[in-house]
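*Asks:* As annotated in TrEMBL:
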DOMAIN    1-254  domain 'G-protein coupled receptors family 1 profile'
TRANSMEM  17-40  transmembrane segment
TRANSMEM  60-79  transmembrane segment
TRANSMEM  100-122  transmembrane segment
TRANSMEM  142-167  transmembrane segment
TRANSMEM  198-217  transmembrane segment
TRANSMEM  237-256  transmembrane segment
Amino acid sequence: CTVIITRMVTKDLHKPISILFCNLAFSDLFTSFSGFWIAMFFITNPDITIFGSKDMLAPYSLYTVSILSTIYNLVSIGIERYLAVAESMRTRFRVARRHSIAVVLINWVLAFFLGCLPLMGWNCLHREENLSVLYSPFCIDYLIFIAVPNVVVAFIIPLFTYLRIIIILRKRKLRMKACGQATGTYKSAEIQVARTSIFIWLLALISYAPFFAGVIFDATNRRCRIDLYPGVYIFRNFTAMLITMNCLGNPMIYTLKVKILGAKLKALKCLFTSRVQACTI
């Protein structure tokens, strides 16, 4: 919420990348709320989260939508950063605000379409075959359809984009060094991008790899729920906790480390404090 409010009230932060950052924060907020909805079901009636119920279709679908939106936003930010660096010396193409807005809309439409397929009928409410053990009443084939391609997208595309950014910065640094020019800016940029990409990979690996492992286990498992209780459901809740923690990690990596955002946040805080003191006087 802090990231969203700060970027919305600050006019000079309304850049293409800032739109993607703000949308990523909104996706993380959506993930937190939908995860809280599922947690309330688990607290009030844990049996329906284990044996499945029609009441779990909407929370699980919204949770899927929010996770897919977060993944697509992370991929979009990586592509935008690559285009910003690769095309910085050219004038053929520039990422504009309308491009970022279009990407945001496409991400949400795609996430809602794929995430709401169980609400449209792709579920196992009235049939036991192909029923997911961990995420009933979802079907196993739906979980495989959602998990496998999106995990590939989440890991392969950011790997390519950030590696290309590092390679481009290194080549430009070597050219400037050969011409006898200062290379301190490119060196610091290369270090910052490399550090950020490592953090992105570690956070994505820690957050989504256990969930993907749970889907694979669900697809290959043939035992009943009673035999798996409670260990496998503890693992399921643990994967949900990691995904929710990812919502806290994204602002730290992508936004709160940006100096200008921190300065604007401090300015807003000082402005709010001044108004409170004035009202008090």
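For all residues, glycine too, the Cβ spot is worked out from N, Cα and C.
Where the annotation comes from TrEMBL, it is an automatic prediction and has not been curated.
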*Asks:* Do the transmembrane segment (142-167) and the transmembrane segment (17-40) share at least 3 Cβ pairs closer than 8 Å, excluding pairs fewer than 6 residues apart in sequence?
*Replies:* no
*Asks:* How about long-range neighbours of the transmembrane segment (60-79): same chain, 6 or more residues beyond its ends, C-beta under 8 Å?
*Replies:* 17, 20-21, 23-24, 27-28, 30-31, 33-35, 37-38, 103-104, 107-108, 110-112, 114-116, 118-119, 135, 138, 146, 150, 153-154, 157-158, 161-162, 200, 204, 208, 243, 246-247, 250, 254
*Asks:* Which residues of the chain, 6 or more past the ends of the transmembrane segment (237-256), have a CB below 8 A from one of its CBs?
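*Replies:* Tertiary neighbours of the transmembrane segment (237-256) are 2-3, 7, 21, 24-25, 28-29, 31-32, 35, 38, 42, 67, 70, 74, 77, 196, 199-200, 203-204, 206-208, 210-211, 214, 262.
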